[in-house]
Structure formats: C-alpha cells, structure tokens
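**Q** Under the heading compositional bias 'Low complexity', TrEMBL lists 41-56. Residues or ranges marked as domain 'Response regulatory' in TrEMBL: 90-206. Summarising the annotation, TrEMBL assigns domain 'Histidine kinase' to 225-442. Look at TrEMBL and you will find 138 tagged as 4-aspartylphosphate. As annotated by TrEMBL, region 'Disordered' applies to 37-56, 64-83.
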C-alpha cells in the first residue's frame, strides 16, 4: 500500500508537523479499509490527511510542533558509548492481520529482536524450521489456526522444543487459553497489551528458557565427569570378578560361591554398559558421531548380538528368535556402533517384552539392509512415539522399568550417521516393532 501525506496552508514552506506512531493500545483485528482519513491542522494553519493505515493500526497519533533539540555527537571509539553485547534473538511473528503484524514487528524490532513474519499457519510452519528463539503465534487464522500450528510444531522433531507464545484478542474465552496451553504453548497472552508489557513477558520467557538450558548443560557436565570417573574402577572390578568366577568354577563347578559371583558379574556388566552410554552421549553432544568405517557383515553382527542376549532373555522369560539370511549382508560402517545399535534394540525387546516372544528379522530391500525387532510388550502410545528417540526421554508406559532413556536416542544417532533411519510402529499394550534401515555396501546394491 502506498500513501501520500500532503499539506496546504498560508505558509509557502512545508508545515512543521511531527507524527509519532505509538503501538501501545490493543493490537486487535483492524479492517483498514473501513477507517476514515483523519484531518489535522498545524499551528501554522496547514491541513493534512493522515493515511488510514496509521489511524487504523495504532489508534494513537500525536502531533508536535515543538523544537527538537540538537543531539550532541557521539564518539563511537569511546568505550562508554559501546553498546552492551547481547546475542541476537529471533522472533517469528505470526498474524494474518497486516496492521497488527506491522505494529508487533515494529515493537519487537525496537526491543532489539530480529523479526521474521508469517501471515498464515502454513508459512509459519515453514519458517519455524529455521528454529527462531520464539514463535509469537496468533490463534485465529484462515488457513491453519494457531492451536494446530502449535500442535504440529510440538510433534515435529525439528521444532518440538521451540518457545511458543499465543497472542490473541481480548474476546478470547478461558477455555481457549486452557486449550492453547494444553496443546503445547508456553504462554498465552491477550490484547490489549502495552508494548513494554509485551517485551517484559518475552524477556521473562527467554530467561526461563536460558535457565533450563543451563540446567541441562550442568547435568550433562556432571554425567560426563561421573562416567569418566566410574569407567576405570568398574572395568577393573569386573575383570577381577570374572577371574574369580573362573577360578571358583575350576575348583567347584556350579558351587554356591560361583552362583553368587555370576549375578554380580552380570550386574557389573550392565552398569559398565550404562557408563559407556553416558560417555557416548557426551561425545555426541560435543563432537558428533565419529565413524571408523570398514566393510561389515551386518548379518554376523545381528547373529552375535542375538547370542549375547539369550541369557538376559531367558531370565526375563522372553523367547528371543531370529530370522537371518544365509548370505552376508555387507555394509560400509562402524562395526562397534552397529553392534551397539542392534544391542539397544534387543535390550528393549527383552526389557519391555513382559514375557512375550520377540522376533528379529534381517532382510534387504531396494539397496538397504532392513532390521526389524518385534516384541509383544507394553507398547508405546502414538502421542509418545516421537519423543522416545530424544535424549533422557522415557514414556509413561516404561515408568516401572529401569533406565535413563538413552538407548533409542543413541541408536537413532548411529543410524543417521550411517545415512540410515530408525522408526517405530506401536500401540499401547500391543507391543512395538522397531525398524532399522541402513544402506547396503555398494557391491550389494545392484
């Protein structure tokens, strides 16, 4: 929209008129076309027409013919004049009303934020993939409403942890606010909302987010240090216990001492695996996945892991079976990490199997090795399936089982490092089927 502001008066020169746009009043829905032009007269007698967009958008325009005092020059080299260092914070402003969108963006920019704009739900979902620090989300939009946009952002692994605040009109009902917060919004604000109050609310949300991230970093640092400190003594203790079991077994097979030591070795091995997982998570967060690649027979990897988990499966009353091809299934990857990925899937099948049979199948399809691990255990609700692959996430159905929620996270990261995928099909109480797909070695793709 282009607008012209012209003045005619008794003076030959332009009239001294100063317009100050103040977005303090309510940011409501504005029908710009229905707002009449506003006539104003300057002290010198000149008259002018204010464009409708200004009058309709702000509702508050002030005139001033006062003299503006000269601003003293600023020396940029003076340290006292240097601006305070602040990281750039980006806000995705989503609103289908042009006037409201403009005024909100103006306020945010004056508050020092970098602003992205979206006029609808679909555009907001696309721009949110860039991971802004905050999504300021209108509720009532013509294509996809704000509730659905929020739900989709929370369901998307790339945007599930974004900070989202609804900003709606004053006529919103209590039920609407409850619905917005229940579907994942971090805050629900209603207009009218003064610009300083809006900025203060945003700063408060960002402070909470910063504290949460600091807490996560402190947790990760503690776990990393603890894992490093525990690894060596656990290894020494396990090796000595294994040696003691061998000595006792040679002297008295299946004696009472051996029966007591064997479970201790098993629990130490489990604890050592947990420490190794913590160290792997620490490396992932700081360095990513470092692969030591070579040609690997994936069918042999699966076969060895199946043998390794037969003992734990028997203890859990889970019949663990496998359907493997006779021919090698060659991959180009890191054998240790592939063993770890298969081990995590089998461990889950045994742990959550509830005594039901679990079956592993390995096949090839369209240039990929396809490994499925199917159990008949507790299952996973559809609403929880996206977050089980996140770090330290455990679903409610797994609450009575031990663990830190790292296995599936590590397996997915290992799969991604090999250009593969990990997915799940499940329903609560109906077991789970995990599918690991990895690209075959180039010699087996055709």
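Each residue, glycine too, has its Cβ placed from N, Cα and C.
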**Q** Just jot down the residues in the same chain as residue 138 (4-aspartylphosphate), at least 6 apart in sequence, with C-beta under 8 A of its C-beta; none if empty.
**A** 94, 95, 96, 97, 100, 146, 166, 167, 168
**Q** Specify the secondary structure state of residue 138 (4-aspartylphosphate) as given by DSSP, simplified to three classes.
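**A** SS state of residue 138 (4-aspartylphosphate) = coil.
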**Q** Can you tell me how the residues of the domain 'Response regulatory' (90-206) break down into helix, strand and coil by DSSP?
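**A** The composition, in the requested order, is 54 helix, 24 strand, 39 coil.
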**Q** So what's the mean pLDDT when you look at the domain 'Histidine kinase' (225-442)?
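**A** In the predicted model, the domain 'Histidine kinase' (225-442) has a mean pLDDT of 86.
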